[in-house]
Amino acid sequence: MEGPGQDTEDALRRSLDPEGYEDTKGSRTSLGTMSNPLVSDVDLEAAGSRQPTAHRDTYEGYVELHELVLDSRKDPCWMEAGRWLHLEESMEPGGAWGSHLPLLTYHSLLELHRAFAKGVVLLDVAANSLAAVAHVLLDQLIYEGQLKPQHRDDVLRALLLRHKHPSEAESVWTLPAAQLQCSDGEQKDADERALLRDQRAVEMRELHGAGQSPSRAQLGPQLHQQLPEDTEATLVLVACAAFLEQPLLALVRLGAPCPDAVLAVPLPVRFVLTVLGPDSPRLSYHEIRRAAATVMADRVFRRDAYLCGGRAELLGGLQGFLEASIVLPPQEVPSEQHLHALIPLQRHAVRRRYQHPDTVRSPGGPTAPKDTGDKGQAPQDDDPLLRTRRPFGGLVRDIRRRYPKYLSDIRDALNPQCLAAVIFIYFAALSPAITFGGLLGEKTRGMMGVSELLLSTSVQCLLFSLLSAQPLLVVGFSGPLLVFEEAFFRFCEDHGLEYIVGRVWIGFWLILLVLLVVACEGTVLVRYLSRYTQEIFSFLISLIFIYETFAKLVTIFEAHPLQQSYDTDVSTEPSVPKPNTALLSLVLMAGTFFLALFLRQFKNSVFLPGKVRRLIGDFGVPISIFVMALADFFIKDTYTQKLKVPRGLEVTNGTARGWFIHPMGSATPFPIWMMFASPVPALLVFILIFLETQITTLIVSKPERKLVKGSGFHLDLLLIVAMGGLAALFGMPWLSATTVRTITHANALTVVGKSAVPGERAHIVEVKEQRLSGLLVAVLIGVSILMEPILKYIPLAVLFGIFLYMGVTSLFGIQLFDRILLLLMPPKYHPKEPYVTRVKTWRITSSPLTQILVVALLWGVKVSPASLRCPFVLVLTVPLRRLLLPRIFSEIELKCLDTDDAVVTFEEAEGQDVYNEVQMPS
């Protein structure tokens, strides 16, 4: 997503450069070597020659803020008021810790900048305790004239008070703030005493040792385990001092981290930031302390603080923080939607702030840092879609890349998470196999059905798990293949050909085609399959799913029409049509669809714990089938058409075929001309398998998933197509990689790091890249062939409800469908997406208009006698996208309208759906 232009950035910089900053010019830098040598009552090490602290640019920077308060016994102490770790975290009045985005006032940032400009900056102080730091700090404040010598002991005793951490009984919300008073009896005037009447004066007593509250004992170790070993902390101390005339700030950077145990987390302290000042109505120390802690928690400023050699560099880092900040004008915000425009502006500012200083800028935007070494060439050489220009070169590279890791594929499977994934993927693969098997039997009149599809899925999944280069792929039947089977079956019926024998010859040509494509490294053509083509394909399949569901329902109503009156003579035999069948079929189909859709949406709701919701949502389809089949089972007096499943390893239609299909024909000789014409339908099948398999491999191989064993575009395609070609010889369906099931499989095997750090996104620890989960799923699906006593009770209307569910839900992740909906929305309700904000509205409608025209053309071909040619028309969308659309849209518009911006989701939050990542039909 592109950010705002340069004008916006310049305006932001000018607004953050007020005249009040001019007093920073000519200010001195105070170094640790300028400490007063009279400090002799503490253990200080020799400072030596000062060198900049080693660069520790860790992502985590822990900051803890302590305020001076009076505890329940009216004793002064330092109380933890908040902590910063990515986000600001503070204890709410109810006693619970809550994290939120730190929001700062503009005035507090100005005051902080002035304080840094005039305050004390001590760099690389050689002190091994916070007490030593306090002595050095006070001596420097007196040396620079910011603290009177008679106040030294008062401030020192305050800095050495014990530190406590909040609990339900004691926190900054329940305890009064304390104020430093001078011990020599100096008093304020009457107005100041009236102003401070609610604050108790601190009775100066030096308390050694750090207090430890229950919250520290419980939370500290838990949070510490989530942080890297090299994390260092910043301690911010804020107190109100009545004897000071103006605020003072002192920043101390230690030469070596101090291990004093005053923090809630056992971390060494590298920075100590102290803010002291008089209580004044024009100064809000609450906001200043939050601003100071937020700045110290900033990743870039922390790097500058580690590396700075003086005050000027530190102020430069603070200036960079201000330039990247956003200021809201003091006016009422009409609605929260208007605040959404801040998100891209803030992201752009953060991206520029985190940008590597060596990055080369060009008119087209930032480019990668210059690197002529070998490290930059390694990823390119390992690109699985890089041409080797040798016959079968890509296949050889896939084998050399993956097969040496075969033993690790077995070892990595010895994990409980893999067993859980097996159970989950089994049901995820079984439900569509039963659904498509029942529908395939309907479309082909029993030539292939549930038993053939289950056996084909089992055998091919087993072989693929053993031999593939990417065993995370789940092989199965899909909607596009079902559409082709129906079209080819009608073609064979119209021309008097044996459908099951024609598939054998298609299988032979499939094997030759895939060998030719793999030999020529044709799989690299997947680079040209943009979102434009994928969404046309997905939208067409979704429409076919929805249309076929209602077409089947209409057929049921025609076979069993409703009657306006019924014969009450019970002695007569009932007629063949059964009017209740149509109504019950409608109820079963609609009930299955809405129940499955509800369970999918329930997965992203806020009810029940997240694990329970995801479990229910992931098993939504089998739950829906079970519930509606159970309802049909208890309705005894109404007939519904059931799923036809043979017993054991029998074929669906034993009278028409066997397990081996003779290539020359069984009932009649197969025409020779059709043997040589079979390359045409074979090419169509190959296009469908190629599209689904290669796009699925691309999705699962995204860098965000952090797979380390590589993928195999060439080897996996060869295995899937070759196994499908051989399966046709036994009268079984050919299969392809299934997108939704593959993503589900990969997510189930992904170990996502659980972090207690507020604001930190879930990160991948590892992915269990192994072969046994797919192998066990294949075995379980094969055993499911023996489930005939259970499967025979499933009504076909229930399967058509699942068919409708797949068609409707496939539209949710298609941006083409979203753009069609934009035509019905007023512009003010349009989403803040790049293709909406960067492209004019009338041009947004032009892109889906061309896609709709192509879909209409494909639909016309589908319903015509030339329905087999649909994949050919689909392939023509590739040159259409690359040759015609650039003449209609500009380059930036095409990038917005035709980019793969699907976010990889490993753990869904409320309102998110992992299947929106998928742009292919399932």
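Our numbering is plain: 1 for the first residue shown, then up by one each step along the chain.
Each Cβ is built from the backbone N, Cα and C atoms, and glycine gets one as well.
Annotation comment: Swiss-Prot describes 27-36 as compositional bias 'Polar residues'.
Feature annotation from Swiss-Prot assigns N-linked glycosylation site to ASN653; the stated evidence is a curator's inference. Listed in sequence order, the residues of the same chain lying 6 or more apart from ASN653 (N-linked glycosylation site) and placing their CB within less than 8 Å of its CB are ARG445, GLY446, MET447, GLY449.
The intramembrane segment annotation in Swiss-Prot covers 850-880.
Per Swiss-Prot, topological domain 'Cytoplasmic' is recorded for 1-416 (among others). On the 0 to 100 pLDDT scale, the topological domain 'Cytoplasmic' (1-416) averages 68 in the predicted structure.
Feature annotation from Swiss-Prot assigns topological domain 'Extracellular' to 441-448 (among others).
Same-chain residues lying 6+ beyond the ends of the topological domain 'Extracellular' (490-498) with a Cβ under 8 Å from its Cβ atoms: 665-668, 670-671, 674, 865, 867-868. The topological domain 'Extracellular' annotation in Swiss-Prot covers 490-498 (among others).
For the topological domain 'Cytoplasmic' (520-531), the number of residues in each DSSP class (helix H, G, I; strand E, B; coil) is 8 helix, 0 strand, 4 coil. As annotated by Swiss-Prot, topological domain 'Cytoplasmic' applies to 520-531 (among others).
Swiss-Prot lists 555-581 (among others) with the feature topological domain 'Extracellular'.
Per Swiss-Prot, the feature topological domain 'Cytoplasmic' maps to 603-613 (among others).
Swiss-Prot lists 635-674 (among others) with the feature topological domain 'Extracellular', giving similarity to another entry as the kind of evidence. Within the chain carrying the topological domain 'Extracellular' (635-674), a Cβ under 8 angstroms from the stretch's Cβ atoms is held by residues 434, 438, 441, 445-452, 455, 497-498, 500-505, 508, 556, 578, 580-581, 584-585, 588, 728-731, 785-788, 791-797, 799, all 6 or more beyond its ends.
Distant neighbours of the topological domain 'Cytoplasmic' (696-711): 382, 384, 398, 401-402, 405, 408-409, 469-470, 472-473, 526, 737-739, 742-743, 746, 750, 764, 766-767, 769, 904, 917-918, 920; these residues of the same chain sit at least 6 beyond its ends, with a Cβ under 8 Å from one of its Cβ atoms. Here Swiss-Prot flags 696-711 (among others) as topological domain 'Cytoplasmic', drawing on similarity to another entry.
Under the heading topological domain 'Cytoplasmic', Swiss-Prot lists 749-771 (among others), citing similarity to another entry as support.
Residues or ranges marked as topological domain 'Cytoplasmic' in Swiss-Prot: 812-849 (among others).
Marked as topological domain 'Cytoplasmic' by Swiss-Prot on the basis of similarity to another entry: 881-922 (among others).
The annotation transmembrane segment is assigned in Swiss-Prot to 417-440 (among others).
Annotated transmembrane segment per Swiss-Prot: 449-469 (among others), in sequence order.
Outside the transmembrane segment (675-695), and at least 6 residues removed from its termini, the chain residues within Cβ reach (under 8 Å) are 473, 478, 480-481, 484, 488, 502, 505-510, 513-514, 517, 523, 526, 529, 534, 537, 713, 716-717, 720-721, 724, 734, 736-739, 868-872, 874-875, 919-920. Of the recorded ranges 417-440, 499-519, 532-554, 712-730, the transmembrane segment (473-489) has the largest number of C-beta contacts under 8 angstroms with 417-440. The stretch with the most CB contacts under 8 Å to the transmembrane segment (417-440), chosen from 499-519, 712-730, 772-792, 793-811, is 772-792. Spatially, the transmembrane segment (793-811) is not adjacent to the transmembrane segment (499-519); fewer than three Cβ-Cβ distances between them are under 8 Å for residues at least 6 apart in sequence. Counting same-chain residues at least six beyond the ends of the transmembrane segment (712-730), those with a Cβ under 8 angstroms from any Cβ of the stretch are 384-385, 392, 394-395, 397-399, 401-402, 456, 459-460, 463-464, 467-470, 473, 475, 503-504, 506-511, 513-515, 517-518, 521, 523-524, 526, 659-661, 663, 685-686, 689-690, 693-694, 697, 736-737.
Below 8 angstroms of C-beta separation, residues 483-484, 487-488, 490-491, 494, 528-530, 532-533, 535-537, 539-540, 543-544, 680-681, 683-684, 687-688, 691, 816, 820, 888 of the same chain, each at least six residues beyond the ends of the intramembrane segment (850-880), sit close to that stretch.
Of the recorded ranges 449-469, 582-602, 772-792, the transmembrane segment (614-634) has the largest number of C-beta contacts under 8 angstroms with 582-602. Using DSSP to sort the residues of the topological domain 'Extracellular' (490-498) gives these counts of helix, strand and coil: 5 helix, 0 strand, 4 coil. Using a Cβ-Cβ cut-off under 8 Å and counting only residues 6 or more beyond its ends in the same chain, the topological domain 'Extracellular' (441-448) has close neighbours at 482, 485-486, 489, 499-500, 552, 644, 652-653, 656-657, 731-733, 796. Residues 385-389, 391, 393-394, 690-691, 694-695, 698, 713-714, 717, 815, 878, 881-882, 898-900, 919 of the same chain sit 6 or more residues outside the topological domain 'Cytoplasmic' (520-531) yet have a Cβ under 8 Å from a Cβ within it.
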